[in-house]
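Encoded as C-alpha cells, the structure appears first; notes follow it.
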Amino acid sequence: MAGRSAVSASSKWLDGFRKWYYNAAGFNKLGLMRDDTLHETEDVKEAIRRLPEDLYNDRMLRIKRALDLTMRHQILPKDQWTKYEEDKFYLEPYLKEVIRERKEREEWAKK
C-alpha cells in the first residue's frame, strides 16, 4: 500500500509541476495552445497542411491574436487565458501520421 501512495503523491507533484510550467511558459496568456508553439519543421508543416479547415482557422486566429497582443505589449484578461486542462494536442494525431509516413518512405528508399 505504501508504494501506491508514493506513486500517487509523485503523480500529483508531477502534475502540479506541469501546470506550473505551463503557466510559466506564458503562451497561454496570449490565448495560444501548446501545439501552436511547435517549431515548424517539415513534418509539422505537413501536419498543419492536413488539419481540417476549422482547426486550421482556429489556429490562425489564435496566432494572429497573439501577434497583435505581443506587438501592443499586452496579455489577455486572466479569464481568457488557455487553461492547462483545456489545452488539447490537436496537431498530435496528424503529426504522428506524417512522421510514420516519412519513416515508411525512408524504409522503402533503403531497399
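Cβ coordinates are placed from backbone N, Cα and C, and glycine is handled just like the others.
As annotated by Swiss-Prot, N-acetylalanine applies to A2.
What Swiss-Prot records for K12 (among others) is N6-acetyllysine, and it gives a large-scale study or a structure entry as the kind of evidence. Counting every protein chain shown, the Cβ of K12 (N6-acetyllysine) has 10 other Cβ atoms within 10 Å.
Annotated N6-succinyllysine per Swiss-Prot: K12 (among others), in sequence order.
Residues or ranges marked as N6-acetyllysine in Swiss-Prot (evidence: a large-scale study or a structure entry): K19 (among others). With a 10 A radius on its CB, K19 (N6-acetyllysine) counts 13 other CB atoms from all the protein chains.
Taking the Cβ of K78 (N6-succinyllysine) as reference, no residue of its chain lies under 8 Å away while being at least six apart in sequence. According to DSSP, K78 (N6-succinyllysine) is assigned to a helical segment. Positions annotated as N6-succinyllysine by Swiss-Prot: K78 (among others).
Per Swiss-Prot, the feature N6-acetyllysine maps to K78 (among others); the stated evidence is a large-scale study or a structure entry.
If you look up Swiss-Prot, you'll see K83 (among others) marked as N6-acetyllysine. Secondary structure from DSSP puts K83 (N6-acetyllysine) in coil. Same-chain residues at least 6 positions away in sequence with a Cβ under 8 Å from that of K83 (N6-acetyllysine) are, in sequence order, N28.
Here K88 (N6-acetyllysine) comes close to M33: these same-chain residues lie at least six apart in sequence, with C-beta atoms under 8 angstroms from its C-beta. Annotation comment: Swiss-Prot describes K88 (among others) as N6-acetyllysine.
According to Swiss-Prot, the feature N6-succinyllysine maps to K88 (among others). Under the DSSP three-state reduction, K88 (N6-acetyllysine) is assigned to coil, being neither helix nor strand.
Non-local neighbourhood of K96 (N6-acetyllysine): empty, since no residue in the same chain at least six residues away has a C-beta under 8 Å from its C-beta. Swiss-Prot lists K96 (among others) with the feature N6-acetyllysine.
Here the Cα atom of K12 (N6-acetyllysine) is found 11 Å from that of K19 (N6-acetyllysine).
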